[in-house]
Amino acid sequence: MKKILKITSMSAFLTLFKMLIGFVISKAAAVYAGPAGVVVLGQMQSLIGSVMGILNAPVSTGVIKYTSENGDKNSFWWWRASFIILCSISIPVIFCMIIYSGFISYHVLGSSEYKWLIIITSLTLPVAAIGTLITSIFNGLELYRKYLISGALSTVITFFIMIFLILKYNINGVLIAAGIQGGLTGIVLVVLAINSHWCKLSNFIGKVNKKQLKNISKFFVMTAISAMLFPATILIVRSIISNAVGLQSAGNWQAVWRISEAYLAVITMALSTYYLPKLAKTNGYYNIKAEIHYVLKFILPTIVLMATFVFFCRDLLISILFTKEFSLARELFAVQLIGDVIKIISWLYAYPVLAHGKAKVYIITELSFSFLLVGLTYLFVHRFGVHGANYAFALNYFLYLVLMRIILKRITFDEGEGKL
C-alpha cells in the first residue's frame, strides 16, 4: 500500500503540471473563440489522440511488459522490435496526413483553413512517440522517480514554449500549442535520457528475432485499436451533440469532459506506472484477483473523494478554467462523475486482459463498447438533450464493468512467452 500511495502522490504532482498546460490551452481557446473554439480544440485533440494511438501502440504497453520481465540488460530485443514497428508506421502516417491535410482539416475541424496545422502536427508526432518509448522503459524498469521527474521537467519546459505561442498568435497559437505539445515533450525526454546506460543506439537499431516482433506486434494491435477507438469515439460523440443540440451545448459538455480527464489522469497515471507492470509479472487468476482487490482498496476511496471534490467545486473550476459562457456546464457534472468512478473500477478488471496480451478478448470488447457508446449517445441525446451523453457514458461503463468481471473468471492467465 505504501508503494502505490507514494507512486500516486508523485503522479499527482506530475498530473497537476499537465493539467495546468491542458487548462491554459482550453482557457485560451475559451477566451479567444468561446465555446466554438473549445469544440475546435477538442476536435484537434481527438485527432491527435487517434493518430498518437497508432504511433504509441508499439512503444507503450508491450515495452512496459517485456522490460519489467527482462530488466535493462535483456530487454533490447523488444526495444528494437518496437522501434522497427514505430518507424514502419510513422512514414505512411506522416505521408497520409500531409497529402490529405486539407480533407482532414475540413472534416475534423470544420474548415480547410487549418491545413497548415495538420502538416505541422504530423511532423512532430513521431518524436512524441519516441518520448513514449523512453517513458515506457523508465516505467518497465521501475525507475519511478526518474519517470516522474523527467515527465515534470519536460512538462515545465513545454509549458513556457506553449505560453509564448498562445500570447503571440492567439487562437492559432492555441492550436499550434496543442499540435506540437507531444513533439516538444519527446525532444525533452530524449535529452534527459541520453546519458542513461541503456540509452544507446545499438539497443534500438539492430537484429530482431521473429519472436520479439510477434510479441510486440500483438500489443501493437491491441493498443492501437484501443488508443484510436476512444478519441475517435469521443470525436463522434461530440459531433452528435453539436448536430443535435448545438455548439454551445457541445462546448459545455467538452468543458466537463476536460475537467473529468484532468482529475482522472492522477489515477490513470498511477495505474499505468504501478498496476500495469505489476500485472504483467503476475500469473494465475487468484493472484491477479488478489492484486485487483489490493489496488481497489486504495483506488476506490481515492476516486470517490476526488469526484466528490470536483462536484462541490464545479462552479469554481468552471470560472477559473473557462468563462461565464460555460456556466450551464455545472448541470452536467453529477452523472459524468458517477460514470468516472465506474470507469476506473472497470479498468481495474480490464487491465489484466491487456497486460497479458489477450488480444482477441480485448479487441472485441473495445470495439463493441465503442460502438455501444456512440449508439447510446445518439439515442439518449435525442431523447434527453446534452445530458443524454452523460447517461450514455455512465451506462456504457457499467455494462463494461459487468462484462469484464465475467470475462476475468473465464480466461487463463498463465506465464507468458516474454522471458528469454
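From the backbone N, Cα and C atoms, a Cβ is placed for every residue, glycine too.
What TrEMBL annotates here:
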TRANSMEM  43-64  transmembrane segment
TRANSMEM  76-104  transmembrane segment
TRANSMEM  116-135  transmembrane segment
TRANSMEM  147-167  transmembrane segment
TRANSMEM  173-198  transmembrane segment
TRANSMEM  219-241  transmembrane segment
TRANSMEM  261-277  transmembrane segment
TRANSMEM  298-321  transmembrane segment
TRANSMEM  333-354  transmembrane segment
TRANSMEM  361-382  transmembrane segment
TRANSMEM  388-408  transmembrane segment
What residues elsewhere in the chain lie close to the transmembrane segment (361-382), defined as a C-beta under 8 angstroms and at least 6 residues from its ends?
221-222, 225-226, 229-230, 232-233, 236-237, 240-241, 244-245, 350, 353-354, 388-389, 391-393, 395-396, 399-400, 403-404, 407, 411
Any chance the transmembrane segment (173-198) and the transmembrane segment (147-167) have 3 or more Cβ pairs under 8 A, given the pairs are 6 or more apart in sequence?
yes
Contact between the transmembrane segment (388-408) and the transmembrane segment (261-277) is defined here as three or more C-beta pairs under 8 Å separated by at least 6 residues; is that satisfied?
no
Cβ pairs under 8 Å only, please: of the recorded stretches 43-64, 147-167, 219-241, 298-321, 333-354, which one is richest in them relative to the transmembrane segment (388-408)?
333-354
Report, as numbers and ranges, which residues of the same chain sit near the transmembrane segment (298-321): CB under 8 Å and 6 or more residues beyond its ends.
1, 4-5, 8, 23, 26-27, 255, 258-260, 263-264, 266-267, 270-271, 327, 329-330, 333-334, 337-338, 340-341, 344-345, 348
What same-chain residues lie close to the transmembrane segment (219-241): Cβ under 8 Å, and 6 or more beyond its ends?
39, 42-43, 45-50, 52-54, 56-58, 60-62, 65, 82, 85, 108, 249-250, 253-254, 257, 354, 357, 359, 362-363, 366-367, 370, 373-374, 377-378, 381, 386, 389, 392
